[in-house]
């Protein structure tokens, strides 16, 4: 009689290392909380301590429950994909999306009806506005990018995600950063830098998470079984790497003390403004553009069951975008103390960006060649194609607004808000919704979303909301700009500032209505996601196959 010996279970170096690191972090956080200069900072230190202690217990419990052998890279010769972090990231994206849209509706109502501030500092416009932008960009958008990148890189590489605990650290660590940043805004902890409000300790935590994200993604690409690196992975890598550089450069700061939330940025004056908008514009360029173009290059061909229209054009699109986008930041600082040559440089590169941007748009739209009927029959395809159309519109409007003569009218007005939201709602949100509608059935092995009719409703309700929103802001912005520059025959300003504010009121109300409709659409999506996971018909095999590279 033969005896089969099972290998002895041993804790991996990663498990042991993380337990020790988080135990030390928990102890250090308790010390910081006890000596913190402010109660708000002490609250954050206690959050770090609680999260660290919980992580130690979770890793220990996971070790006790797992078999001696770590999950294999392949099963019966097929890749053993690690989709659990992708599932969590996708659901968190839905949650944060609704939260961010809800906060946006609240601050839109505050703009139209200031009584909605309720004289409470924690929910005043000044604190909710950065909470809204961070929730929709970094919480919703960031989770979409992390989840889809982990899915796409595995499928196109035919390889399991690199690392055992590292993918979980990326997903959960990133969302812990969102919690720290968001609660910090409500408590008044901020650097005062747009899109980079979190203070030094949150930035430091995000740096650790982001480096891990880069290593997991790159490690998966390096161990790929496919000789070809699919173009979507190029865009993901550019987004991850460039955001890391931008984050480090713009958040270079010296803390007052380890016991204080306050820090001082190493840049000052006009140099600080330039670095801020080098970061701010390229957060748009690489977080909200390059990252989501990766979604376009994977999910539209997958859903349409067609290859990318021109793979060569996608490579040209990639390199042109990467080279040009990084120079366009100064167009945010027209008519300021920034040297005129730098303003002109930013304007020039912004105009040049129009061509590669539209090259990508054409590539995305023409991928549907031979499958245009799906625009009528498939609301998910329709949503993603409309997203690409909004991308084209926003990338024409942006270069146009960067021209100094146009910018003299549009700068500091609601036109800029309309432009941002045509890209954020029309491009980023719609391509994200399309990706989520694709991912949910694939991840949970469902035949299709629970209700295609609900997706139709989501599309039309949200589209009406977007149209109301951006049209109201376009009209408001142009009206604002014209009223500000209107003079009487004697050379006096024709309108007082309060008159320009009063003229905005009906347009602010329309914006709030548009936001409510967009939020309603996202709630329909959340219901559909829940019903798909719990009620929809299950299939025996996962329906999302790897995407073969197009030629």
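Placement of Cβ uses the backbone N, Cα and C atoms for every residue, glycine included.
Values in this document were obtained by computation on a predicted structure and should not be read as measured data.
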Where Swiss-Prot shows 331, 332 binding Cu cation, which of 281, 317 is named for the same site?
-> 281
In Swiss-Prot, which of the ranges 67-87, 88-108 has the transmembrane segment annotation?
-> 88-108
Within the same chain, and leaving aside 281, 331, 332, name every residue whose CB is within 8 angstroms of the centroid of the CB atoms belonging to the recorded Cu cation site, in sequence order.
-> 277, 280, 328, 329, 330, 333, 346, 350, 402
Among the binding-site residues listed here (331, 332, 419), which has the Cα closest to the Cα of residue 132 (heme b 1; low-spin binding site)?
-> 419
Counting across all protein chains shown, how many other Cβ atoms sit within 10 Å of the Cβ of residue 281 (Cu cation binding site)?
-> 25
Mark yes when the transmembrane segment (133-153) and the transmembrane segment (202-222) have three or more Cβ pairs under 8 Å (sequence separation 6 or more) and no when they do not.
-> yes
Counting other Cβ atoms within 10 Å of each Cβ, which of the binding-site residues 331, 421 scores lowest?
-> 421
Is the count of Cβ pairs under 8 Å between the transmembrane segment (424-444) and the transmembrane segment (280-300), pairs 6 or more apart in sequence, 3 or more?
-> yes
Taking each of the binding-site residues 332, 419 in turn and counting other Cβ atoms within 10 Å of its Cβ, which one has the fewest?
-> 419
